[in-house]
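Contents: one structure, followed by commentary.
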Amino acid sequence: MSRLLGVIDAATSVKGLQDLSLNRSVASIPFAGRYRFIDFILSNMVNSGVESVAIFPRHQYRSLMDHIGSGKNWDLDRKRDGLFFFPPYFEPNENSNVGSFDRLEQHLDFFERSHQDYILIANSYTIASIDLNEALAEHLIQDNDITEITTSSRSLEMYILKKSLLIELIQNRKNSQFISISDVATQPLHHYKIGGYEHHGYAAVMDSIDAYFKHSMDLLDHSIWSQLFSTDRPVFTKVKDEPPTRYSAESVVTNSMVANGGIIHGRVDSSIVSRAVKIGNHSVVKNCIVMQKSQIGENCHLEYVILDKDVRIQDGVTLKGTSDKPLVLRKGAVREMAVSK
Amino acid sequence: MVKKKCVAMLLAGGQGSRLHSLTTNIAKPAVPFGGKYRIIDFTLSNCTNSGIDTVGVLTQYQPLVLNTYIGIGSAWDLDRRNGGVTVLPPYTESTGVKWYTGTANAIYQNMNYLEQYNPEYVLILSGDHIYKMDYSKMLDYHIQNEADATISVVEVPWDEASRFGIMNTNSELEILEFDEKPKNPKNNLASMGIYIFNWSQLKKYLDVDNINTESTHDFGKDLIPLFLKENKRLIAYPFQGYWKDVGTVKSLWEANMDLLEDNPGLNLFDHSWRIYSRNPNQPPQYLSVQAVVKESLINEGCYIEGTVHHSVIFQGVEIKEGASLHQAVVLPDAVIGKNATVERAIIPEGIIIPDGITIKPEEGSDEIILVTNEMIEQLRKDVTA
């Protein structure tokens with residue numbers, strides 16, 4: 001039985017991702033063709049044997065709840081332990097980073113009741129495949145109060161600490177003036193022993209559109225792809241019953257990642273194509289991220305564009321962003337060809 | 001138990017011996033089809049999409065894969081508190097083990113299961129066919145016609161009619177006669193092996209059939225003739241649409257190729273009639289810089305560096321650089337080595353085609369190759385010799 005209780009703070013807002021999080025929480029931003037950000041940390045927890053996971057969302061958690069459901073897809077629909085969803089009774093005033101004490105305090109009884117003696121608290125938007133047991137072992141060996149998981153000394157916003165310490169920090173927060181776990185981990189002046197666990201594999205923190213675009217394109221590198229999607233540490237997600245993707249006689253698809261249910265007629269190069277996407281005849285899609293159910297008509301030309309879900313590009317439209325500044329089309333957007341006189 | 005209007009009994013014990021090595025370890029309904037499905041997915045999805053929530057699946061031959069695959073039925077939304085899917089294998093009684101000796105006998109031995117729900121109607125299905133059908137429409141038809149039994153039929157080409165069980169009907173579609181594989185067919189309406197019975201009637205005649213020592217206890221050969229002899233009202237329900245028995249390597253291959261047509265008879269992309277299956281949960285497919293993929297269906301988890309023409313590729317397949325596939329069906333987790341060539345073939349699950357090997361039928365032959373490990377061993381020897 002795992003000693004770790006998993007806590008996902010899905011409430012931290014990420015300003016840089018606003019275009020993609022207007023109608024959804026950051027945790028449920030689509031990524032890698034068929035996943036949502038939160039799938040990666042959830043799968044890390046499940047693959048590390050964590051049996052109890054608490055998710056703390058902020059407002060606009062409908063898309064997140066719809067995605068997570070009973071937790072069945074992560075094997076977390078359990079009689080004992082399993083998945084817990086803790087919407088706030090009220091939104092804490094300060095906009096803190098990971099592990100807001102005001103937020104956790106609202107469900108303090110859950111922590112007191114849980115039988116696990118260690119807690120892993122993480123953000124929802126770090127993409128990596130990490131064995132959390134190794135991190136816990138390191139925490140115990142170093143005899144830290146708080147262990148921060150890092151990669152190349154950069155914080156992945158994941159922390160391990162004793163449950164009793166978390167409860168103590170929450171209860172003393174008025175005296176200590178610490179507002180969150182990450183606050184404690186970064187402040188120098190206290191007697192807690194803060195240590196690090198270095199994750200040597202691939203890791204990406206999705207804190208801006210730039211990072212989102214860059215790390216999406218990272219997936220086209222096979223060594224990164226195989227690190228994130230190894231067969232013994234699968235990434236679980238909500239399954240959709242889409243058929244295999246259909247390629248027509250005209251399709252030319254290279255250096256791309258394509259999810260199921262697609263119907264591809266045109267040219268696709270160096271792009272990420274999600275589930276149930278349609279790409280019409282003689283269209284070119286290059287260096288793009290196309291999310292679920294978006295439709296691209298015929299004779300279109302798209303470069304460096306991020307298409308959110310359900311975007312429709314009518315026949316003949318040309319749209320170009322740049323590698324530094326990809327164009328983002330919001331969910332449900334429709335683009336028609338400019339009528340020239 | 002709450003009474004059910006209609007309970008489906010799905011016969012899934014078929015060995016499918018003409019599929020050779022594909023069914024050495026699995027029953028025919030568990031054979032993979034269409035890039036991500038197993039044959040039985042079509043019947044189970046039809047049940048769910050038709051609003052039938054109670055399905056008994058009768059297994060016998062090599063049931064392990066099938067049992068594991070069906071599980072508690074959640075993939076088809078058949079994990080229900082009252083009803084849902086129940087796997088019904090043969091069982092031991094105080095008088096000894098009783099194998100299912102025929103399709104009717106399989107139902108006879110599971111009367112207890114049906115009695116629990118005391119349904120008005122029983123829908124008998126076979127797990128061997130690929131088709132999409134709304135059984136609720138057939139049930140309405142059965143009720144409107146006040147039939148004792150309704151049999152779903154499909155028009156087959158006259159020159160092929162002698163391969164099927166043919167229903168001879170009058171203009172009202174009342175069945176007058178059943179001809180099993182007739183030499184000189186009088187009609188071209190073939191039975192699809194889909195029957196709806198009034199449960200009270202079926203129960204009665206299953207009892208009669210059971211004590212008949214001459215009977216082979218088969219629906220087509222024994223039960224239907226018995227109903228006809230007793231002047232029961234049997235009605236044919238004409239089905240229009242794609243229907244295929246994938247009983248041979250060739251027909252299985254053809255049915256896969258049918259999916260690649262411009263407007264396939266069987267549309268897998270219809271969201272209003274989804275075909276459900278157990279999802280393998282693999283990452284999206286990756287097509288490399290060298291990949292060339294045309295007229296093909298490709299599933300999750302594939303890694304493609306070679307050329308794929310007019311083929312159906314299941315999940316987790318790896319196609320290496322320089323490899324070339326044409327009119328191939330590649331089952332899950334197979335690997336096609338560098339510069340290997342495969343044409344008009346089915347490659348079973350997990351098979352590894354070594355680098356540089358060529359597998360294709362002889363020029364002008366219409367044969368379809370079912371690749372085996374022995375074949376690969378031989379080809380490898382030929383190459384090194």
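Each position is counted from 1, following the chain as shown.
Note that Cβ sites are derived from N, Cα and C of the backbone, with glycine treated the same way.
Keep in mind that this is a model prediction, so the values were computed, not measured.
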Fill in the blank from the handout: Given that TrEMBL records B:Tyr100, B:Gly165, B:Glu180, B:Lys181 as binding alpha-D-glucose 1-phosphate, the matching residue among B:Ser94, B:Ser152, B:Ser191 is B:Ser191
Problem - Where the record names B:Tyr100, B:Gly165, B:Glu180, B:Lys181, B:Ser191 as binding alpha-D-glucose 1-phosphate, the maximum Cα to Cα distance in Å - result: 23
Completion exercise
Long-range Cβ list for B:Lys181 (alpha-D-glucose 1-phosphate binding site), cut-off under 8 Å, min separation 6+ in sequence, same chain only, gives B:Ser162, B:Arg163, B:Phe164, B:Gly165, B:Ile166
Practice task
Take the domain 'Nucleotidyl transferase' (B:8-261) and average the pLDDT across it for me.
Solution key: 95
Fill in the blank from the handout: Ordered by sequence, the long-range same-chain Cβ contacts of B:Ser191 (alpha-D-glucose 1-phosphate binding site) under 8 Å (at least 6 apart) are B:Ile151, B:Ser152, B:Val153, B:Phe164, B:Gly165, B:Ile166, B:Met167, B:Phe178, B:Gly220
Practice task
Which residue among the binding-site residues B:Gly165, B:Glu180 has the fewest other Cβ atoms within 10 Å of its Cβ, if you could check?
Solution key: B:Glu180
